[in-house]
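Annotated features in Swiss-Prot:
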BINDING   10-34  NAD(+) binding site
BINDING   SER143  substrate binding site
ACT_SITE  TYR156  active site, proton acceptor
Amino acid sequence: MSDLHNESIFITGGGSGLGLALVERFIEEGAQVATLELSAAKVASLRQRFGEHILAVEGNVTCYADYQRAVDQILTRSGKLDCFIGNAGIWDHNASLVNTPAETLETGFHELFNVNVLGYLLGAKACAPALIASEGSMIFTLSNAAWYPGGGGPLYTASKHAATGLIRQLAYELAPKVRVNGVGPCGMASDLRGPQALGQSETSIMQSLTPEKIAAILPLQFFPQPADFTGPYVMLASRRNNRALSGVMINADAGLAIRGIRHVAAGLDL
């Protein structure tokens, strides 16, 4: 039996991409899974696909009341909450400082930080009492942009660096009751969109990047799928497999940190 059997897991942005892969994986692990999802169509799809195995709540991660409504439903359904996974986010499609008008930069900053940083903070606030009671955990999705430049423009990169600070501070404030960690995936097959303020709300990340372009820059030389990143979340959520980690950010970058100066990887001819 899985360590996560009957564990109560709350994931934001579970309707597509990494969020959907996490929903699938935790259901496979036997967990009771809930998600807060902005899109009504995706909520309906989740309910149709997973039935009683999913509690799908329509709501916005920038709204504390929506979080609280979801947590109330989770506690009614499961009687507890064991793990909160803050995952919903938006990307800036590499919008640069020089080429982005000042007014757009300002409005884009507020929209992107509201989702990528405030959304995590509000989720932590809503979930903290239940997680303190269960001595559970929080896990936040980062990005390779939390470590390196060029994984987005200054707005996205700054938001992911802000999230690392949030993880460390929450890990400090909530210890010893709650473990707080992060996972930073690299580029993957996803429907990640951009801010409306930048005119990117209908533009998917895969319209800016190609599988070949992503694979070429990774030393492991493959195009990751969302399911490839779910393992670290499962490990961090497990009390048996993770008693000791808090304030830790797992850099799941397919080897970006070991790219060579002359070649992406030295073993390409092996």
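The chain as shown is numbered from 1 upward.
Note that Cβ sites are derived from N, Cα and C of the backbone, with glycine treated the same way.
Straight-line distance linking the Cα atoms of LEU22 (NAD(+) binding site) and the residue listed as 'active site, proton acceptor', rounded to a whole number, equals 22 Å. Comparing the Cα of SER143 (substrate binding site) with the Cα of every entry in GLY14, GLY30, ALA34, these being the binding-site residues, the smallest distance points to GLY14. Within the set of recorded positions (PHE10, TYR156), the lowest number of other Cβ atoms found within 10 Å of a Cβ is recorded at TYR156.
By the criterion of other Cβ atoms within 10 Å of the residue's own Cβ, the least surrounded of the binding-site residues GLY14, LEU22, ALA34, SER143 is ALA34. Within 10 Å of the C-beta of LEU18 (NAD(+) binding site) there are 30 other C-beta atoms, taking all protein chains into account. For the recorded site, GLY14 (NAD(+) binding site), the DSSP three-state label reads coil. Other Cβ atoms within 10 Å of the Cβ of GLY30 (NAD(+) binding site), summed over all protein chains shown, number 15. Calculated from their C-alpha atoms, the gap between PHE26 (NAD(+) binding site) and TYR156 (active site, proton acceptor) amounts to 28 Å.
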